[in-house]
Amino acid sequence: MPNLRIASRYAKSLVDLATEKGALENVYADMQFLKAVTGASKDFVNLLRSPVIKADKKQAIINAVVNGKTGEITTAFIKLLINKGREADLPEIIAAFIDQYNAVKGIHIVQLTTAVEVDDTIKQRLVSQLKADTGFTKVELQSKVNPDLIGGFVLEYNNNLIDASILRDLKDIKKQFSTNLFVHNIR
Amino acid sequence: MVEIKPDEISAILRQQLSNFNASADLEEVGTVLQVGDGIARVYGLNNVRSGELVEFENGTAAIALNLEEDNVGVVLMGESTGIKEGDKVRRTGKIASIKVGEGLVGRVINTLGEPIDGKGHITGELYEMPIERKAPGVIYREPVKEPLQTGIKAIDAMIPVGRGQRELVIGDRQTGKTAICIDTIINQKEFFDAGKPVYCIYVAIGQKASTIAGVMKTLSDNGAMAYTTIVAASAADPAPQQFYAPFAGAAIGEYFRDTGRPALIIYDDLSKQAVAYREVSLLLRRPPGREAYPGDVFYLHSRLLERAAKIINNDAVAKNMNDLPESIKHLVKGGGSLTALPIIETQAGDVSAYIPTNVISITDGQIFLEGNLFNAGIRPAINVGISVSRVGGNAQIKSMKKVAGTLKLDQALYREMEAFSKFGGDLDAATKLVLDKGARNVEILKQPQYTPFSVERQVAIIYLGTQGLLREVAVKKVKAFEDHFLLEMTNKLPDVLAEFKKGNLPDDGVKKMVELAKSLIPQYK
């Protein structure tokens, strides 16, 4: 189970420090870069989690991977993580940092899943409707395509879910029929 | 088989489809972090409340029990197979509840209220009753004053149980705990036949499914299923279902109680329920206490047993009862009762273990069963000395109270002297008298299974016993005499028995009865 408590604590310290030094945007960019790295290479995450590999070796590998592409604060932060033996939690810490960054900036991440690719005008209409309904000012829309939905869309934000997909409707109908109230009467 | 027309089927389908809501609502969701051992950790579900029902994607229900800083611990009410990390969990906004109604009578259901006896769905109007509900407050109660006849001579005479009482049945394995409770249910047939049924609920927790099937067969063979509901959470059901089963049973009992009718609930047994609760608590990482039970295991049982109550016989007051569910508000009547007979199994007679002491202190008395009495052929194997009923005395009918008043003390004295007399030696006349009477009373109080005695017959035979009128009868022939005597009584003096039943002890009736007994005694010397 991911250790969310540790992730949020490290992320908070990083957000606080970056804000204090006025380098929040730079650190955010670094985190996006690290997120891309961890997301792209499963081997890299496995390496971080491996208890067999020594700390100095991990440090060397991270240095080689990152190769001076990150700022001063981020480099120091990674060093701290390795010193504390928490490098295994890096992916969760990155996610927690991005969440906290969004919270600071008032950005709401909205995940839109559709069965087929939709064009920007529809997305814009969705976003403006959502803004009107919820009072969000900044919305970052992430869209995904999942053909299993058959039709309709699924909108997800802040642990809220609007499921208007055909898949969901079919599931609900299936459930309705699975509790067959009438078999008894027929028999 | 009933003929089905095609349009009937499509009508059914249309009805089912019309219930279907195609519009999408805003739902609050969380994500599964970890699942296993019947519990799941969920991230998200920000506004979920403790005790709320949540639902997984595959339709499995769960109850949120632990609200922590960064996750929610939920216990699954179904199988954990098919749930994986990352699955969505939805809030339902409902508190865990079951659907209760008249249709439940005669059925076997599980903790969720679903029928498991293969007799189809529950018919009739059903009302939503919360599984966890606060017990009625002081002003909605009244003291226990009506008897709940168990049909067992030893209990009705010496440890009487009243309607609304909580009487613990405690003892080792194989001492007849369940038998006493089943006999009590069977004895309520008399009231069912008279049109004033005492609704019975038998909650089986962590038992073998074959045992539960056996109980059901016994009850239906004796015509007792007509007013009984069985709530079954067998050993194969998930632990949360096992520890919620008594609460589900109590919800059914409360339905009868709050609609002004008497109900009897049997929890068989609470030690297994405590074990199931311990399992869930440990998996949720709650700190263990004595015997590894969690700190709130006392509250688990006290809040359950507190729901047994005698409701005030005043409709206007009863209607304002606290925590009444919305669904039955219009049906509420006063004067109902819920009597609880919890069962606790001890290990090698150890009543000072954690759970037995807890439940002894919560209940209004206990019926203590002993293995060595059972093996000595004294069945029901009730140890009279340490069994008590703290409130039931007020509930005894007058005739029984007069007749059996001294029986308990007599028997306790007899037990003491019996042990003493085993050393041999000469006994004085007074001691001999006590021993003679005691030995015959023990015979009278013996009773085979599934043969409940109506209260008037109990009064008749116990009168003879306590008055020492059986001195002449040989100890071995007491049983035969009793059968003969009671047969003659029902045939020759039915009016006297009727008076006993009303609570009277008329002098001339008693005289006639004693004469009848005396005429029979010579045959059994």
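Numbers run from 1 along the shown chain.
The backbone N, Cα and C atoms fix where each Cβ goes, and this holds for glycine too.
From a predicted model like this one, the values you see are computed outputs, not experimental measurements.
What TrEMBL says about this protein:
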BINDING   B:GLY171, B:ASP172, B:ARG173, B:GLN174, B:THR175, B:GLY176, B:LYS177, B:THR178  ATP binding site
DOMAIN    B:151-389  domain 'ATPase F1/V1/A1 complex alpha/beta subunit nucleotide-binding'
DOMAIN    B:396-517  domain 'ATP synthase alpha subunit C-terminal'
SITE      B:SER387  site 'Required for activity'
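This view paints the features noted in TrEMBL onto the structure.
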residue  : record                       : DSSP (3 states)
B:GLY171 : ATP binding site             : strand
B:GLY176 : ATP binding site             : coil
B:SER387 : site 'Required for activity' : coil
Rounded Cα-Cα span from B:SER387 (site 'Required for activity') to B:GLN174 (ATP binding site), Å: 18
Sparsest-packed among the binding-site residues, when each Cβ's other Cβ atoms within 10 Å are tallied, from B:GLY171, B:GLY176: B:GLY176
Residue pair B:GLY171 (ATP binding site), B:SER387 (site 'Required for activity') - Cα distance, angstrom, rounded: 11
The one of B:GLN174, B:THR175, B:THR178, B:SER387 whose CB sees the fewest other CB atoms within 10 Å, among these recorded positions: B:GLN174
Shell list (ATP; ref centroid = CB of B:GLY171, B:ASP172, B:ARG173, B:GLN174, B:THR175, B:GLY176, B:LYS177, B:THR178; cutoff 8 A): B:GLU345, B:LEU369, B:GLY371, B:PHE374, B:ALA381
Secondary structure content of the domain 'ATP synthase alpha subunit C-terminal' (B:396-517), with strand meaning DSSP E or B: 89 helix, 0 strand, 33 coil
Confidence summary (mean pLDDT) of the domain 'ATPase F1/V1/A1 complex alpha/beta subunit nucleotide-binding' (B:151-389): 95
Per-residue Cβ crowding (10 Å cut-off), top of binding-site residues B:ARG173, B:LYS177: B:LYS177
Pairwise Cα distance for B:SER387 (site 'Required for activity')/B:THR175 (ATP binding site) [Å, integer]: 15
